[in-house]
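Feature annotations, courtesy of TrEMBL:
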- 449-458: compositional bias 'Basic and acidic residues' (COMPBIAS)
- 392-460: domain 'J' (DOMAIN)
- 449-481: region 'Disordered' (REGION)
- 72-105: repeat 'TPR' (REPEAT)
- 106-139: repeat 'TPR' (REPEAT)
- 220-253: repeat 'TPR' (REPEAT)
- 338-371: repeat 'TPR' (REPEAT)
- 1-32: signal peptide (SIGNAL)
Amino acid sequence: MESCRRTGLSGVLCSLSLLCVILDIQLDGVLGATHGEIEHHLEMGRKLLAAGQLAEALSHYHSAVEGDSKNYLTYYKRAAVFLAMGKSKSALPDLTRAIQLKPDFLAARLQRGNILLKQGNTQEAREDFEAVLQRSPDHEEAHDQLTKANELEELQEDAHAAYHQGDYSTTITVLERVIEISPWDPESRELRAECYIRMGDPQKAIQDLTPTTRLRNDNRAAFLKLSMLHYSLGEHHESLNHIRECLKLDQDDKECFSHYKQVKKLSKQLDSAEELIQEERYQNAIEKYESVMKTEPNVQYYTNLAKERICFCLVKVKLANEAIDVCSEAHQRDPRNANVLRDRAEAYILNQDYEKAVEDYQEAREFDGDNNEIREGLERAQKLLKISRKRDYYKILGVSRNANKQEIIKAYRKLAQQWHPDNFQSESEKKEAEKRFIDIASAKEVLTDPEMRQKFDAGEDPLDPENQQGGGGGQQGWPFHFNPFESGGSFHFKFQYN
């Protein structure tokens, strides 16, 4: 107050003057401390960036920007970290702020122009390159990039013109160069994806659409289209994942929610059907695949898949005729499906039609030559065909390949009584009866012995001397260990029915 009297200031003015001095002292202290902290953050950010620890570097640059929002270099350095992290959209605001603080900062303008060019924003990119050239006419990079911007603008116009004329092949060709110059432009990728869809190549459309979900904010349309494309290809799990991403952005999106319900229902049915097959509940699996065809009757893939798997299940439950019908329909729908041919071959084996089984396995091998199951199946079918041309024990007894032991014994008893040699009078009839009777007894022996039956089902005749150890010549073995017909003349004997 004494100093105020000496300077002649009034009481109020003197008080205000003292307050300003105190505030200046306090502010200088704060700014001094903040300046030191800012330098520390900048230095740490620089070191961490050099070490490749981008997230940690970014954290320090955040602190530096908060401490001094007027330093254009701090914004520029943080933009560099964003770019190193692949976050070009986050880098743009920092570069713009750096340019606002220092309009003649050419490095920031050039960097922003490069980002805008890669995003396909030709007009804004051109403005930045021209601004650099205005201050530095000989700037080589700015000149090259300006040329690219002009080229890009012409290419974009050519691509849209070709698309509207329905020339999708030309559009794709032009867009290849467009995307080379502007890889971060979602519109160009979306346009090329649409061309691929119209040309019937959904896989390439998916490749183009996938990055657009990251290049464009809230790109629900891309997620929906991706889901529909995967769905049409039978990739229901991928379809479900993409449609869920759409609903994460907006759970009330009507189109996405409607498609989600359809995909979820179908995907659940398909997964359930395969689980039933794993559990060997084949009849239930058949019913589930029939539901699949009702849920989605319009997409060919799912009907083809359902027919294929029903064919497989019918073979497993040994309904040969039904399996052949369904497998044949599935084969007609998808002629190159090796699984269908394999399953129909097995159905033919059940029906003892070995020639057709061999034909199907041979065709299946043409489509899937490296499949061991098909190779082994073909070998088995060929063995069965060879045996059938000699003796087929199932045909001898007149039973199906899935007949149980009781059915086999019943058939044996009936035929053994019918072909007993005592029932015939003439020598020629007796010899024929002897042969038939031996075959009948052999069939009964093989088919009622689990081990021998398994060998026969695998394409090996367990009573064939060629398949027995030390097998050479010699006559066919008599299953009761003696042949009562060797002595000739009249004979009487009993045989077991068990």
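Using N, Cα and C of the backbone, Cβ positions are placed for all residues, glycine too.
Long-range Cβ contacts of the repeat 'TPR' (220-253) within its own chain (Cβ-Cβ under 8 Å, at least 6 residues beyond either end) map to 186, 190, 193, 197, 202-203, 205-206, 209-210, 212-213, 259-260, 263-264, 266-267, 270, 299, 301-302, 305. If you look at the compositional bias 'Basic and acidic residues' (449-458), the same-chain residues 6 or more away from its ends with a CB under 8 A from one of its CBs are 380, 383, 387, 393, 401, 467. Counting same-chain residues at least six beyond the ends of the repeat 'TPR' (106-139), those with a Cβ under 8 angstroms from any Cβ of the stretch are 72, 76, 79, 83, 88, 91-92, 95-96, 98-99, 145-146, 148-150, 152-153, 156, 178, 181-185, 187-188.
Outside the repeat 'TPR' (72-105), and at least 6 residues removed from its termini, the chain residues within Cβ reach (under 8 Å) are 38, 42, 45-46, 49, 54-55, 57-58, 61-62, 64-65, 111-112, 115-116, 118-119, 135, 184.
Here the repeat 'TPR' (338-371) has, by DSSP, the following mix of helix, strand and coil residues: 27 helix, 0 strand, 7 coil.
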